[in-house]
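As recorded in Swiss-Prot:
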type    : residues                                                       : note
DOMAIN  : 131-297                                                        : domain 'Helicase ATP-binding'
BINDING : Gly144, Val145, Thr146, Gly147, Ser148, Gly149, Lys150, Thr151 : ATP binding site
MOTIF   : 240-243                                                        : motif 'DEAH box'
BINDING : Cys358, Cys361, Cys398, Cys401                                 : Zn(2+) 1 binding site
BINDING : Cys367, Cys370, Cys385, Cys388                                 : Zn(2+) 2 binding site
DOMAIN  : 375-548                                                        : domain 'Helicase C-terminal'
Amino acid sequence: MRIAKILLPVSKLFPLDYLITEDLELNIGDLVVVHFRNKELTGIVWELDTNSEAKKIKTIEAKAPLNLSITLEVLELIKWMSSYYMSELGSIAKLVLPINISEKPIKIKEQQVKNHFVLPKLSEEQKQAVTILNESNKPTLIKGVTGSGKTEIYFHIIADYLIKGRQVLIMLPEIALGKQIINRFIDRFGFEPIIWNSSVTKAQKKMILRGILSNKVKVVIGTRSSLFLPFHNLGLIVIDEEHDDSYKQDDNILYNARDTAIVRGKFDKAKIVLCSATPSLETIYNIKTHKYQLVTLANRYKNVDLPNIEIIDMTKEKLPKNSYLSKILIDAIKGNLENKKQALLFLNRRGYAPLMLCKACGHRFTCKFCSAWMVLHKATKKLECHHCGYQSKIFSSCPECLEDETLTICGPGIERIAEEAMLLFPKSKIAVISKDHAKTPEKIAQLLHQMENLEIDILIGTQIITKGYHFPNLTLVGVIDADLGSNNAELRASERTFQLLHQVGGRAGRGDSKGVVYLQSYYPDNIIFSYVKVGDEDRFFTNELEIRKAANMPPFSKTASLILSGFSESKILDIARKIVQIAPKANVKILGPARSLMSKLAGKYRYRILIIADKKFNLQKYLKFWLGFIKIPSYCQIKIDIDPKTFY
């Protein structure tokens, strides 16, 4: 009796035994059609055997259409993911095969790659970068100031791999960033890359997967999930904006796509290129320890000047009530508009106001399901929780003390800034971009097109606008609240603030005119601002690494979080304490249990246990051994977060 263990793309499932018929020849990695729970699914041949402990064994129906298969390298990646991130094989297989490709034959469109590409002439600095990248056998970071032409450099590397007939993956933190890159790609290479993100339809996914498996798809531009596409001939992985937190998935399987891409590159023997003007501290550490190679671009493309950085001391500004733009910034915007230039106002806070409260009794409007304030959205006339999506009406009186006319709103969101800008600049064309105002890639592309065509004078946006966009006529950036996030107790608060300010400032002055960036702050002496002002990221990285080393925190150590959640706070805390009490003795430091920064989410109370260990310590083996001593009750959900990026 011939048996195959079939890995199905079903969450929390391990490989299952199926019988191989006499006329069927199979190899490990082949895709086959099997029945599972009254459904016909496509699975991966995981192992071949002659014995099975199962009493009733179903038979493999057939090979998948076109005799498609998964490479041994992708199988190795699945195994590594399961081991490193302590996740079930079936959950990871679902990332590789997110759709049943055996359903209905579908036409596969082949990308027509020509060997003649229209690539712009590079500067001497860029040519040297391309040479280093071609010769490097390590993951290589292109670290360049904003507007230095990092994209054009990796386009030259892509051209080499396309000529060799290899497949290429370009990873972006958000596909919203992709529209400008896609257009530039088409201009340079003469064909359209395949796009892979959450908005791709089921039918499109099926077509793309078959195209990749049959080597008819050559170039994919996608978000973090594109990393798991089953390429057969992958030669190059580009990780653009490698520092971005969007590469970390914080639900289902908790994994870092940037780090996993590095591992995939090793399995596939693919070149890895990372890009960022503000690299992550982990990447800087890997360069200093010679695991990665560094390519530096000190100058903007065509030697365009970097913007001036001006810090506005808001303690000295006398603002009218409910106003948030300083006189200095207002005057600068007026001058900018007179010169027919565009401006960007940045505030990383959605909605109209982050808090509504009662002046009589102090009642704050918080989410009934989360430990978070309800955000006022004036356009929809709703209070909304940005964590679970719960909405409520805007009250006319306090629901706690029942007093009338005592409710007030505190602080600005971008809708409030837009309202102020419209009053100050009534003749200007003003647009707002955030997850609320641009919910689809198409809407984002429309706003970007309007900016490029000078149909917008002032763009007001959240973090979504900081990610690598190029607007030649944008010469002024105003950061409304530069303090936001920097006083956070999070490990990476300083790093994120520096990256965010540097990135948003980098949108200014990328054309022929010099740019200027205004940072409004109530703490102008914050050392982060001095690093941003002089553009001294190297000194910032050195200082931050010294702080991390003194605290024995990543990248100088390994960390993992155990996140426990459930509807009864006392029961969850009790389980968390028991877990800590039974921890085996080892060379690790255990902190907690403590309430998560987001102590209640979607109705569930949340506690964290943080484990810190030496870099060489096998943390996964220790956690598996430790958690084997306790049975987690059904009322408690536990997640293991290896290399956590946040502690919310």
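Cβ from N, Cα, C; glycine included.
Feature map: annotations from Swiss-Prot on the structure.
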{"residue": "Gly144", "record": "ATP binding site", "DSSP (3 states)": "strand"}
{"residue": "Gly149", "record": "ATP binding site", "DSSP (3 states)": "coil"}
{"residue": "Cys370", "record": "Zn(2+) 2 binding site", "DSSP (3 states)": "coil"}
{"residue": "Cys385", "record": "Zn(2+) 2 binding site", "DSSP (3 states)": "coil"}
{"residue": "Cys401", "record": "Zn(2+) 1 binding site", "DSSP (3 states)": "coil"}
Residue pair Cys388 (Zn(2+) 2 binding site), Val145 (ATP binding site) - Cα distance, angstrom, rounded:
37
Using the Cβ centroid of Cys358, Cys361, Cys398, Cys401 as the reference point for the Zn(2+) 1 site, which residues of the same chain not in that list have Cβ within 8 Å?
Lys359, Ala360, Gly362, His363, Pro399, Glu400, Leu402, Glu403, Thr406
Which entry in the list of binding-site residues, Val145, Cys388, has its Cβ near the fewest other Cβ atoms, using 10 Å as the limit?
Cys388
Taking a Cβ cut-off under 8 Å, which residues six or more beyond the ends of the motif 'DEAH box' (240-243) line up next to it in the same chain?
141, 150-151, 154, 170-173, 177, 181, 258, 274-276, 278-280, 283, 467-468, 499
Going along the chain, which residues six or more apart from Gly144 (ATP binding site) have their CB under 8 A from its CB?
Lys150, Cys275, Ala277, Thr296, Leu297, Ala298
By DSSP, how many residues in the motif 'DEAH box' (240-243) are helix, how many strand, and how many coil?
0 helix, 0 strand, 4 coil
Using C-alpha atoms only, work out the spacing between Val145 (ATP binding site) and Cys398 (Zn(2+) 1 binding site) and round it to an integer in Å.
50
Is it possible to get the count of other C-beta atoms within 10 angstroms of the C-beta of Thr151 (ATP binding site)?
21
Mind giving me a neighbour count for Cys401 (Zn(2+) 1 binding site)? Other Cβ atoms within 10 Å of its Cβ, every protein chain shown.
12
Please report the distance from the Cα of Thr151 (ATP binding site) to the Cα of Cys401 (Zn(2+) 1 binding site), rounded to the nearest angstrom.
58
Spatially, and counting Cα to Cα, which of the binding-site residues is closest to Thr146 (ATP binding site)? Options: Cys370, Cys385, Cys401.
Cys385
